[in-house]
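Record features (Swiss-Prot):
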- 229-258: coiled coil (COILED)
- 9-25: compositional bias 'Basic and acidic residues' (COMPBIAS)
- 39-48: compositional bias 'Basic and acidic residues' (COMPBIAS)
- 50-59: compositional bias 'Polar residues' (COMPBIAS)
- 241-259: compositional bias 'Acidic residues' (COMPBIAS)
- 260-272: compositional bias 'Basic and acidic residues' (COMPBIAS)
- 1: N-acetylmethionine (MOD_RES)
- 272: phosphoserine (MOD_RES)
- 334: phosphoserine (MOD_RES)
- 1-62: region 'Disordered' (REGION)
- 200-220: region 'Disordered' (REGION)
- 239-272: region 'Disordered' (REGION)
- 289-310: region 'Disordered' (REGION)
- 321-340: region 'Disordered' (REGION)
């Protein structure tokens with residue numbers, strides 16, 4: 001009896017491989033491994049790279065396109081601990097595919113905001129379920145309002161980026177704006193600068209450099225680079241002036257009026273208050289130029305595709321309306337009166 005009891009105790013002891021032999025009864029010698037417990041399964045499901053990333057190759061084209069679209073969006077695919085590395089797109093696609101096949105209704109509920117109308121065909125097998133029908137109808141409504149929603153989101157993100165750049169000060173400095181739009185700068189500001197202001201612009205003061213007392217304040221490399229930038233800017237200015245003159249030559253009827261206005265502008269010298277108004281108008285036009293996406297050297301994808309710019313202060317809404325008045329109430333009322 002003692003030997004049999006010892007044998008039973010031995011049968012209950014798990015080995016190092018994680019395989020726990022089943023409890024045996026009298027005369028039973030089976031040592032079939034038992035399956036993992038529910039906690040182990042839950043832990044495995046939370047692991048981002050459980051599904052093989054190559055399994056997405058077996059998906060239908062419609063399902064694969066849907067999974068990749070959601071993986072590329074800003075929607076979180078799964079919860080992660082702080083400090084964990086971000087999931088790659090193949091890992092996201094694998095996790096999404098696993099959830100779609102195991103729990104399609106949960107998938108639809110969780111990621112419906114990232115779905116488009118063409119993705120609804122992937123949930124045809126859920127038709128008839130009142131919850132699935134409700135979520136699919138919501139996706140269809142989003143598709144109808146999506147262009148306007150995307151346009152509003154785009155302008156809000158650019159406006160938030162504009163405020164950030166204005167606070168930074170560098171992007172909308174005189175030097176940067178002059179380099180981006182030399183002709184516009186010359187028309188509003190450059191032609192009215194005094195000789196002292198021109199000299200200050202040519203040799204802008206720099207912060208003292210550390211080193212020996214004999215170190216020059218303006219190294220040769222900086223002077224050469226500044227000279228190169230100035231030549232490039234002058235070439236750009238000349239090109240824009242030639243393009244503008246070509247446009248004026250096409251309007252032959254107004255040539256005389258243009259010449260008169262040019263003479264008047266040459267004779268007119270604005271005072272300090274008028275120069276301030278010109279500067280404000282120039283800066284406002286540069287702001288609008290940025291919002292319209294006309295700054296060729298700026299990577300707008302860093303703003304348009306960045307959800308971090310979605311949080312706008314409610315206090316700034318009034319100021320935002322100055323830039324984005326898509327419909328003027330006076331225009332609408334006048335159109336209605338004209339129709340009567």
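Yeah, the Cβs are placed from backbone N, Cα and C, and that goes for glycine too.
When Cβ atoms from all protein chains are considered, those within 10 Å of residue 272 (phosphoserine) total 6, not counting its own.
Non-local neighbours of the region 'Disordered' (289-310) in the same chain are 74, 153-162, 165, 180-181, 323-324; each lies 6+ residues outside the stretch with a CB under 8 Å from one of its CB atoms. Break the region 'Disordered' (289-310) down by DSSP state and the numbers are 11 helix, 0 strand, 11 coil. In this model, the coiled coil (229-258) carries an average pLDDT of 65. Residue 272 (phosphoserine) falls within a helical segment according to DSSP.
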